[in-house]
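Working notes for the structure below.
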Amino acid sequence: MGTRFRAVAFTFFISSLFFSLAFSASDDGLLRIGLKKLKFDQNNRLAARLESKDADKLRASIRKYNFWGKYGEPADTDIVALKNYMDAQYFGEIGIGSPPQKFTVIFDTGSSNLWVPSAKCYFSVPCFFHSKYKSSQSSTYKKNGKSAAIQYGTGAISGFFSEDNVKVGHLVVKNQEFIEATREPGVTFLVAKFDGILGLGFKEISVGNSTPVWYNMVKQGLVREPVFSFWLNRNLKEEDGGQLVFGGVDQHHYIGKHTYVPVSQKGYWQFDMGDVLIDGKESGYCNGGCSAIADSGTSLFAGPTTVVAMINHAIGASGVVSQQCKAVVEQYGQMIMELLMAETQPKKVCSQVGLCTFDGTCGVSAGIESVVDEKDGKSSGVNDAMCSVCEMTVVWIQNQLRQNQTQDRILNYVNELCERLPSPMGESAVDCATIPSMPTISFTIGGKVFDLSPAEYILKVGEGAEAQCISGFTGIDIPPPRGPLWILGDMFMGRYHTVFDFGKQRVGFAEAA
């Protein structure tokens, strides 16, 4: 995982997991593992909070990131059915050891390690609520002992590496290195419906330089093609949570053809994308290019706060009134607008009004000392709030000037956007009754526009008058060269069938069937 910008997961769960497992073979030669979908638990204490008036105060954001043999013959492909909990988590079952000890895991394209709770986890309460790996009960266990720690936005896990066989579907990966977690602090893992995480990212972000499970699947010749694909079922009324297909693509899971884009930076499944459209109109923020990550371990969307505020304004989401934002608009809004009208380079505007300095690529805080990168001696400043707000204001005003709005209308609009800034926790509530009238939000990937309807980007919890609705967009700001960055989670992958082509180093999207 290296350095990451891990944030908060949906952890709307507390009871332990019970499900039935079914195996079926079909004419296409694929093995399917059927899982029953967990019903929404009205008696769940945390779920009850979701149905309360405090729902808009909950963390509705992303789960992670902090950038900075004996068991059957190998098969051509393997399918792992996924369990869907409230459209916020998809997980399935694996086995570790001989005989296999069962664990439920999130198959996470945003990380690269496999970890499960250890029987040696004595002092962390979450371990007592989940299945624990017992090395003494496995005939194929090999001691490793190297220490390991993974930091998440909601806590951290730590423990040590071990080696054993890992069974995924009917495939058995031999001598797989994984982490036995001996500490799981925080409520996140206490109430989690999953026992651990199986990372499907690149080795470049693997803690301890451990070889990921997927790499060994390919190396050991267990799959026909170095490709895996996700179909996530967003229909809560159906028992199927979806399917993860190892070694190929199930043609029944998508419509039409996939649009492929090359992986731009290995680690996460990262690629270049174009602008974000709000009701068919460009936001203007990604005209110069943005990056995106397809992440099955993230529930919602995360992207630049500048654009998220514009989206929240368009859909009527209630955010946090930012006094700093309004102060910048009141004191500098007119000046910013005049500089843009005079065709001043947008990146230099905030330095000219005195809120930022300019390092040749972007604004950096004028009020905080620059730090020097020891490797190349280049100065890289630290953005403070006023500089960041100014840069957002420039984008907002520039967008309105393109639409030939009046100056008064532009300043009023920017003030409104200040009120739509997502809270530090990331969540923004919306009125469920207004969902049908909300605009389409679209992402441009590989020259193709991928639309999302309101029902596809709003998370609805509960039914009837008690229902609570939350915007699927949360802000996260990653500076160049890694950013600006969008994280496309389960909401996007539910709408668009996603192919992770390891052999050709590309990601593909097509309309899900």
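The backbone N, Cα and C atoms fix where each Cβ goes, glycine too.
The disulfide bond recorded by TrEMBL for Cys127 joins it to Cys121 [selected from Cys121, Cys286].
Per-site Cβ counts within 10 Å over the active-site residues Asp108, Asp295 peak at Asp295. Here the domain 'Saposin B-type' (383-424) has, by DSSP, the following mix of helix, strand and coil residues: 31 helix, 0 strand, 11 coil.
Under DSSP, the residues of the domain 'Saposin B-type' (320-360) split into helix, strand and coil as follows: 26 helix, 3 strand, 12 coil. Taking the Cα of Asp295 (active site) as the reference point, the closest of the recorded positions Asp108, Cys121, Cys127 is Asp108.
The average pLDDT for the domain 'Saposin B-type' (320-360) in the predicted structure is 86. Rounded to the nearest whole angstrom, the C-alpha distance between Cys121 (disulfide bond) and Asp108 (active site) is 23.
Using a 10 Å Cβ-Cβ cutoff, Cys121 (disulfide bond) registers 23 neighbours. Geometry remark: Cys127 (disulfide bond) versus Asp108 (active site), CA distance 20 Å.
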